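Here's what TrEMBL has on this protein:
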BINDING   Cys94, Cys97, His98  heme c 1 binding site
BINDING   Cys240, Cys243, His244  heme c 2 binding site
DOMAIN    72-199  domain 'Cytochrome c'
DOMAIN    225-346  domain 'Cytochrome c'
SIGNAL    1-28  signal peptide
Amino acid sequence: MENGVVRRRRRLTASLLLVAAVSLAATAGSLARIAGVETGGLAGSPAIELLKARFRRPDAVPFPKANPHSPGKEDLGRTLFFDPRLSRSGSVSCASCHNPSLGWSDGLARAVGFEMKPLARRTPPIMNLAWGSAFQWDGRAESLEHQARMPLTAPDEMNMTMEMVIERLVAIPGYRALFAQAFERPDAITAESVTAALATYQRTLVSGRAPFDRWVAGEESALGPDAKRGFALFTGKARCASCHSTWRLTDDSFHDIGLTGDDPGRGTFAPPSVVTMQRAFKTPSLRDLRLQGPYMHDGSVRTLDDVIEHYVKGGAKRPSLSPEMRPIALSADERHDLIAFLSSLKAEPIRVELPQLP
Ligand code: HEC
Ligand code: HEC
């Protein structure tokens, strides 16, 4: 009940925010028109500079007061993340699905879990989540600490209980030392410290500087003219930025974009009367997008061309469809420009130090 109230309040704030976002998007649209589609020609114009400022990267990673960063916690979190002993079978680690060499995902349309069972949803990449406010495609986890328990204890994922996780870790001498160092106390191996360390490590996973970031920071030659036109479309006529907003290219909110499939998504937590939350999923970040796909919560869209085609058509008409989803007319050149912009959000992969398992 209590939770329901909190959620409803959040939803209210969310819809107020949505109104704000829609009007922001409207200004963004007119700004892009002022700037002209050929933004390259208007480099440095006040309108385009204002637009760019909305996508500027923050300087520092935010860590919550309740779980501040420490190098010891980060190291421990990294070790746990790559350790398959955290699964019942002893063969699945977080990194089995969130594989750094596959953009912190698995390259599959839908994840494969315990005993090779296909799961219902695609594995999302886990970059830039320190700034997130709701986790999982349906937002059912409210923090990374809360989220970390879910794959550990899901029967079709790592299939453990938190008691079994603790029991296993306590039996490994190297872990006793790592936990004691990270939490500055003996007997620190608890469910809370396991999830705190995993969350801390994940908060340190931040996209590198992409060509788009260098352009936003003033390096005019960092983007080609097609990507600049793509940015104008993205923030203007194509309306992408009404949901893919901020430097992470997500509003961290939930929308039904009219895909096929009957997963209720956010609707699981909203009464049927909250129509726009039915079949709604969290807006994914578009940074470091795997350019070879597959895309969406169910991996149902194969290529970027198909993604653009979906937005051009506007998605399945139904009551829950986001009001931002309307057919858009885009020429072949404009589609190319949008994809050039999306590609400019890709940075060199960050360097990953693989831990030595104790
Ligand atoms: C079997 C594959 C698999 C394993 C193992 C796995 N995950 Fe995931 N992960 C997924 C899938 C699938 C989702 C999306 C689930 C959903 O939304 O219902 C997900 C979602 C997440 C998210 C939410 C991301 C977002 O943008 O909201 C985080 C964070 C995450 N996993 C971290 C972890 C951690 C930490 C571990 C290890 C303790 C782990 N995962 C193990 C497949 C996996
Ligand atoms: C109404 C909000 C909204 C608008 C407008 C919107 N998107 Fe999305 N976008 C989403 C949501 C929500 C998803 C995930 C949907 C799902 O999986 O069910 C998504 C998914 C995507 C994906 C797949 C990402 C991934 O990791 O799977 C891409 C690429 C994308 N959008 C690009 C765009 C582009 C380009 C535009 C403009 C033409 C656009 N979006 C407009 C909300 C929006």
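Each Cβ is built from the backbone N, Cα and C atoms, and glycine gets one as well.
Listed binding-site residues: Cys94, Cys97, His98, Cys240, Cys243. Those with a CB atom under 6 Å from ligand 2: Cys240, Cys243.
For the pair His98 (heme c 1 binding site) and Cys243 (heme c 2 binding site), the Cα-Cα distance reads 25 Å. Proximity of the binding-site residues Cys240, Cys243, His244 to ligand 1, judged by a Cβ distance under 6 angstroms to any of its atoms, singles out none of them.
Taking the C-alpha positions, the distance from Cys240 (heme c 2 binding site) to Cys94 (heme c 1 binding site) comes to 31 Å. DSSP assigns Cys94 (heme c 1 binding site) to a helical segment in the three-state reduction. Take the mean position of the Cβ atoms of Cys94, Cys97, His98, the recorded heme c 1 site; other residues of that chain with a Cβ within 8 Å of it are Phe81, Ser93, Ala95, Ser96, Asn99, Trp104, Asp106, Thr123, Ile126, Pro151. With helix defined as DSSP H, G or I and strand as E or B, the domain 'Cytochrome c' (225-346) counts 43 helix, 10 strand, 69 coil. There are 20 other Cβ atoms within 10 Å of the Cβ belonging to His244 (heme c 2 binding site). In this structure, the CA atom of Cys97 (heme c 1 binding site) is 27 Å away from the CA atom of Cys243 (heme c 2 binding site). Cα-Cα distance from Cys243 (heme c 2 binding site) to Cys94 (heme c 1 binding site): 29 Å (rounded to the nearest whole number). A distance of 27 Å separates the Cα atom of Cys94 (heme c 1 binding site) from that of His244 (heme c 2 binding site). Neighbour density for Cys240 (heme c 2 binding site): within 10 A of its CB lie 25 other CB atoms from the protein chains shown. Of all Cβ atoms in the protein chains displayed, 22 besides its own lie within 10 Å of the Cβ of His98 (heme c 1 binding site).
Working note on the binding-site residues Cys94, Cys97, Cys243: by count of other C-beta atoms within 10 Å of each C-beta, Cys94 ranks first.
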